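Chemist: Please read through the structure below; I'll follow up with questions.
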């Protein structure tokens with residue numbers, strides 16, 4: 001867990017946001033873990049039925065594994081986003097003064113939230129379209145495939161709002177020349 005993430009809990013005014021973000025992280029962990037186990041089981045069944053002579057190939061296993069991969073990656077990404085463990089390019093920001101770096105963090109938070117809101121808007125439209133289409137082998141609606149992505153985006157919004165509010169609350173300290181949490 002990053003040092004910045006640990007210091008969030010000490011900041012006044014972030015109690016409710018931290019609670020929501022913490023709950024969203026737990027939901028993301030549960031969904032990612034469960035989908036990972038289902039994906040692993042599905043792949044094992046697919047391999048076993050393909051190579052064992054007395055079994056017929058389980059054609060559904062690949063579809064289930066692909067669906068679980070979507071759930072695993074999107075919900076796992078939301079957890080990594082909250083823990084500040086996603087890939088970040090800090091080369092230029094690290095050499096900038098504290099005030100500029102802080103301003104860039106706020107701009108970055110706003111840009112991330114804008115992208116997430118766009119993804120939520122078009123993701124909702126996609127959910128409605130995918131509800132009408134079924135997978136070939138399992139006959140599971142593609143709605144359930146896309147829902148995993150959508151949930152991951154929703155969870156990321158909770159974390160993104162928390163980070164934006166945190167950085168906005170730090171503005172007074174940074175612009176007076178103090179160190180941030």
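Every residue gets a Cβ built from N, Cα and C, even glycine.
Where the annotation comes from TrEMBL, it is an automatic prediction and has not been curated.
So TrEMBL lists the following for this protein:
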DOMAIN    40-168  domain 'Tripartite ATP-independent periplasmic transporters DctQ component'
TRANSMEM  27-52  transmembrane segment
TRANSMEM  64-82  transmembrane segment
TRANSMEM  103-122  transmembrane segment
TRANSMEM  142-165  transmembrane segment
Chemist: Which one, 27-52, 64-82, 103-122, has the most C-beta pairs under 8 Å toward the transmembrane segment (142-165)?
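Modeler: The stretch I would name here is 64-82.
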Chemist: In terms of Cβ proximity under 8 Å, which residues at least six beyond the ends of the transmembrane segment (27-52) contact it?
Modeler: 58, 61-62, 64-65, 68-69, 71-72, 75-76, 78-79, 82, 148, 151-152, 155
Chemist: Need one number: mean pLDDT over the domain 'Tripartite ATP-independent periplasmic transporters DctQ component' (40-168).
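Modeler: Summing pLDDT over the domain 'Tripartite ATP-independent periplasmic transporters DctQ component' (40-168) and dividing by its length gives 93.
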